[in-house]
Amino acid sequence: MLVPSAGPHSFQQQVRNYIVAFYQTQRNAFVVIITLLLSFYILTVPDQAADMINAVIDDGVFSRLFQYILLSTFVWSWIVYGSTRMILHISPVGLRLNEESEVLLRWLPKLGGIIPALILAYAFWASNRWQPYLLLLESGLMPFLFLWVERRVAVFRLPEHWRFSDRYTSFKQDVRELWRHPLGRLVVSAGLLLTAFLIALLSLPVEWEIARRLRPTAIIIFGISMYTFWGSLVVYFNDYRYRPLVLFVFVYLIVVSAFNDNTAVRRATDLSVPPITQRPTVEAHFTKWVAARRREEGDTIPLVLVAAEGGGIRALNWTAETLIRLDSIIPGFSRHVYALSGVSGGGVGTVFYTAFLRDVAERNRIRQFEQFRNVIRDDYLSAVSSALLFPESIQRFVPFPLPALERAKWLEDSWAGSYHDNLGLQTLDSSLTQLYQTRDGYNYNLPSLLLNGTLAESGQKVITSNLQLDARYFKNVVSTLDVLGSDVPLKTAASLCSRFPVVTNGGLIQKDTVVGNNSKQRYGGHVVDGGYFDNSGVETCIQLLNNLVPFIRRLDTADRVTVIPYILFVQNSNTIGKLPQKRSVLQEVQIPLLAFFNAWDNGSSTRDNMFNSFMDRFANPKTNYLTLRLAYNAKYPLGWFMSDSVARSISQQAKDSISLKNRELVRLKGAFSRLGVQRSVK
């Protein structure tokens, strides 16, 4: 019932009444406001979001990608409008009606429905582009469309008088009221159909490339739409006085999370996979590696250890482009790379690079490099984001694990699928140790892989490697394969160093351990991104070098073979080097996140300077230290998607800076030339 006005109000009184009315109406629809605010942040703030938008802009205003965004934004607007009306118009409790609340009840759903397109217009904003203006047009047309359906379509018609009950209603009564109401039935039916359609469509195999066709921006918008509907439905049935359903759902999700952990990593258990006990030790591997390169007594052999810094697809591209570029300007370079220590995206880049070395003969690499470049530039965010938003939403409510729904496995499959699509080979589906197997035995022409992760439960460094690591030199380091007691697919090895926050979850590794009472108990934990421990990868190179030093010295004295170590740090992080401007907005949330991610990047710079200084004192053997940095001429995203323009920028940087204009590389090439290193003829 509408409370009659006592007389004309002053402006201040009207403002006060509107504020009170807004609070009373929107306290029930808070979930819609929260999703809109989160959406604004997700779609406008991160560098990854800006690059996703740039990719759509680069494709043009008539591109399929932009049409998907217009469609998904249109759906999102209707979901916001319908969900807000469902919450406010059908069964709100404790709402005191007055003239101001009457106005807000009629207009808030329509105003909410125009915000999605405004958010996208802001994200796309560039005065010389058509996309933001089309989104503004879409936003401007939405209220007229809402008004038209309210006047012309019976199910959307607004009542002349609002009738709300202030008494307690049971859950059964609320369900009946919602389903009997024409608009409520329409909103629920549409929301359920949208959910079923999106989950079914985006749960199809990664190989079908449904998510990759939609691209991440549209997928995220569809996900926001689905979660807006379900959040609104929960809030509709929520009664904070008698039935706190939001709290019940929250507690349920916490309880079932103890039983539905689906993150156990894949294992390579095929009969063709050699036992992990057959992995060479560092000493045995190094001995054979030297023998394969030694030509005569008194030889001098360069040994290169590469540390590939983490940084998502930015690191993946810079690492792979840099290493391929070094191959082209320094004859025999790849054959003298003893090991690659990779973190996060840098680790994935080392895996792709090593697979490319194995699969493509040296004489064919330049010809097939464009195919390889398609692999490292591919869209890997769409698959993992669609899995996060849709299939994994089922897992969160099911009280037992469904391993196929884990999003990290979708990311792994997208890597393997892209490699197969572009190079025609299923190398990433084979096991880590199989990468080094040939018909003639072990392949000592490939660099070993040391992929760095972090064990979340203990904070220890985790290394996934084809080598058996010596615990005397790799102290307090967890070996993935030793914990599992089996090999893993190469794509899984890549993911175990690159599970950075939110986008992917930790990978569970465990083993049975006999405890005091002679019973078995499972010990292990979740492997997350190696950047939590050390984002540079240089520390692992130092540990490996320390392991090799006794053997290098023995070769020098007993066999008159000189091994000259080089540590090459491939750095992609952006170190500012000067005081920034302050950030004050939402500082309670923003400051901890800024501290975490910026310290992550600057920690690599500190380690780089420290290790560079330390290497000058390393005399026996004399060790050379080089850093190849990505210059920040543009914003490079931290994620699993990269626009073509950014990818071309990184490629051009590799061409310009990884060249003989670089004095360090001139020195390195000169050393290789003096040592008689030649390009392989294979």
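Keep in mind that glycine also has a Cβ here, set from the backbone N, Cα and C atoms.
Because TrEMBL annotations are produced automatically, they should be read as predictions rather than curated entries.
Annotated transmembrane segment per TrEMBL: 28-45 (among others), in sequence order. Taking Cβ pairs closer than 8 Å, the transmembrane segment (28-45) reaches residues 53, 80, 83-84, 87-88, 92-93, 95, 108, 112, 115-116, 119-120, 122-123, 217, 220-221, 224, 227-228, 231-232, 234-235 in its own chain, all 6 or more past its ends.
The transmembrane segment annotation in TrEMBL covers 65-82 (among others).
According to TrEMBL, the transmembrane segment annotation covers 103-124 (among others). Only residues 6 or more beyond the boundaries of the transmembrane segment (103-124), in the same chain, are considered here, and those with a CB under 8 A from a CB of the stretch are 18, 21-22, 25-26, 29, 32, 36, 39-40, 43-44, 49-50, 53, 56-57, 69, 73, 76-78, 80-82, 84-85, 88-89, 131-133, 135-136, 138-140, 142-143, 146-147, 158, 162, 221.
Through the fold, the transmembrane segment (130-149) approaches residues 56-57, 61, 66, 70, 73-74, 77, 81, 109-111, 113-118, 120-122, 124, 156 of its own chain, all at least 6 residues removed from its boundaries and within a Cβ separation under 8 Å. Annotation comment: TrEMBL describes 130-149 (among others) as transmembrane segment.
What TrEMBL lists as transmembrane segment is 186-206 (among others).
Residues 28-32, 34-35, 38-39, 42-43, 65, 68-69, 71-73, 75-76, 79-80, 82-84, 86-87, 90-91, 116, 120, 171, 174-175, 178, 187-188, 191, 194-195, 198, 202, 211, 243, 245-246, 249, 382, 385-386, 388-390, 393 of the same chain, all 6+ positions outside the transmembrane segment (218-237), place their C-beta atoms under 8 angstroms from a C-beta of that stretch. According to TrEMBL, the transmembrane segment annotation covers 218-237 (among others).
The transmembrane segment annotation in TrEMBL covers 244-260 (among others). Non-local neighbours of the transmembrane segment (244-260) in the same chain are 234-235, 237-238, 395-402; each lies 6+ residues outside the stretch with a CB under 8 Å from one of its CB atoms.
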